[in-house]
Structures are given as C-alpha cells and as structure tokens.
C-alpha cells in the first residue's frame, strides 16, 4: 500500500524549512491538499503560497484543525502547540524523513549523503538526468538555480533526493542508488560518537537493494575504510585515488571554472573508458569530486559521454554554494553556506585558485557547540585566507557557552599564525571594514549557515554607497 491519493489535508509544522518546503511542494504538485505553518515569513513560504498552499505564520493549536496527518521536522520541539494538538486529536504525526520515504516509494531513487557536498551533488545528478531526458523528480536541501526552487515534480521514473544524516533519519530512505561523498565528525549532538556516525553511513549503504549500487569517495579515508567493511552490495568508488573505479584526472582551475577528465574502470569486465574535455563552471577540487560522483551515476544509468559533457558545462549551480552576489571596484563578493571546517577550507581553496590577489574571509560561526567541539579545526581551516573577519556566533537556538565566542575565536586564529584577524563588532560595520582592506581582484567570501547570507547580498550595494 502506498500513500493514498485521497488523504489530506497534510499539515506541515515548520513548512518554510528547506527540507520541509521541498516535500510540501512535490506533494502539492502531485495533487495532495497541503497546508502548513512557520514561525516567520520567508522566501520559501512566499513561494509555496504562490502554489496555492495555505500557510499560517506562528504556531497555534487551531492551525491543525481538519488535518488528516501532521508532518514535523526534528527542529520542532515536543511542546510545540500544533504537535500537542495533533496528538490530543489522535492525528497521525510523521517525521519529515518518513514522508520523504513515502514519496521515494513511488519512484526509483538516487539518494545523496555525506557530511559535505550533498546539496551540490544532488543538483548535479539532477542536471545530468535532466539532460538525459529522465525528467526526474528532485528534492534538494538548497535552491537549484536552474529551477528557482529546491524541488520539482518530474514525469520520469527516477527521483533524486538529498539524504540528511543530521538526525539519523536518512536510514529510513529507500534508495536504489546511494552516494556517499565523505564522512566527518558532525552532528555529534545526535550521534554522540564519531563511531556511531560511521555506523550510520554503513547502514545507509547496506540498505541499498542487491540490484542497486553505491557510489563512494575513496579519497576520504573514513569512506575508504567503510568500503572495506561493506559486503554483499555493489560499490563503485570514485576520486583522484589511483584505486578508484571512476577516477578524476588532470584537474585544472580555469578562473571561476574547472576542467578535468574522468576515467572509468570496470573490474569485472576488465575494460576502461574515459570522458575527456569536461568543464564545470565552478571552482574547487571539492566541486570536481562532487561532479565525478554525479558522472559515475549518470554513466551507470546509460547517459552518453556527450550528454554528460554538455550537461556539466551548462550546470547552473546552487544558491549559497560559492554564489557571486555582486562586485565593487573589481572585488568579487561570494556567499557560501560553508560552516564546518572542512567545508570552509575547501571553499577558501577554491577562492584562492580563482584569484591572483587576496582572499578575505568573513565568517559567522554557526552554533556554540560546533565551535566548541571543533575549535582547533576552526583555527586551522582559514589558511587560504589573507584576512579573516569574525562575526559573533550565530546561536541557532543554543545557549551561549562560556569561553566559546567571537573574541576567543579571534585569539585562537591569531595564536595559530593568522596575521590579519578582525573582530566584527556588528553587521552594519562590515562594509566599512571590507572597504578599508579590499583591492581590485580580491575575493570577499562570506561563510556560514546563519543570517550572514543577507549580509552577502547587501554588501555590494553598501560598498558602492561608500564610494
């Protein structure tokens, strides 16, 4: 039995969240009656309203009246009035991942997991399958520029989804094809230990059916170790590693783009194949690796070399992934979601490859607990930045932790040899600081998962106003 067509209304608590909004949009496009609520107005809320979805701002018990099912994410607290009302009225309450799993049961599915790179890789797989006329349904964790949204309903038999590991619910997703980009210590508030994180990713791959396959990056030592532990499943490895089944070769930066080739090795048939002259309109080794994962899936599903080559060259990117928001006096302003040390290092390396002048990083640390648990890593991930501007920690609902704040982070960076580290007193002061240190050709990269994206879009205009 699958999700009945006549069920509804389906009420989403926190419908404006990036994961929730995508599922709500696809359900709406499938013909289900969808409604929801969110704590505040947002671009996602506005977009869903344009599709005819009724959305209330603020959480109230009466919002769930008449609903047949209530969908919640892990961000919703147990004392949320809508959740309490749903349970009091015996309305079924399901987690976001459970509803996503119901949608996935309607299609053959590619699920993309990993500590970093999920959103970009999901977008790349979607772009390649689009080009191959698969017309996939897509549910992503970021806004795909080609769609102007993070979700779309396709008429084809395939679905491409981002698998969020943060709360462990990605293990509920019935994927036929799984991608694992990397595995790093993250979300330890849920998993408690890094060993538990690794075990979850192992289970994710082993959930793939015998007729499916997993694509795993063996440039990452933890993923390489996982490959050796997984039995009875078909694994396709990728990376620059000479042992990879799908190998990234001859990677060269080309301004804000990358060129490379990919070599395939079929161990069973003992054959080799190569796709040369690949161009990706994004900088950075990490993005080339993400593209290699997408190419591995596309090749396995039968796309031609020319289709892969053209689709990759035309890839439009993802919002908040090395997104240029504007420029001033020859200075490029970049917005990026990077908020983990591994992500920050990769983004700054890409910026370094894109300019011959300075890279100026502006970082808004995200969550006190993350800064505390990875403090040493944060102090050593800015090596490709000539200057680091540090904002206050974005709490994301957390209480402050003594000694874990902007000023101690500044001291930590200086203690690790950074010569120019500037504490930002308030967001309104950012334009003045950048104006005083940036020169033509420089890249100013704003990093974080909080509201720093708003600063990134405002900064070009503020700089122009200063002259």
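Each residue, glycine too, has its Cβ placed from N, Cα and C.
Among the features that Swiss-Prot reports, ATP binding site is placed at 114, 115, 116, 117, 118, 119, 120, with the record citing sequence analysis. All protein chains shown were included, and the count of other CB atoms within 10 Å of the CB of residue 119 (ATP binding site) stands at 24.
What surrounds the ATP site, by Cβ distance within 8 Å of the Cβ centroid and not counting 114, 115, 116, 117, 118, 119, 120, is the set 112, 121, 181, 182, 290 from the same chain.
Cβ neighbour density within 10 Å is lowest for 116 among the binding-site residues 116, 118. In the three-state DSSP reading, residue 117 (ATP binding site) counts as coil. Taking each Cβ in turn and tallying the other Cβ atoms within 10 Å, the top scorer among the binding-site residues 115, 120 is 120.
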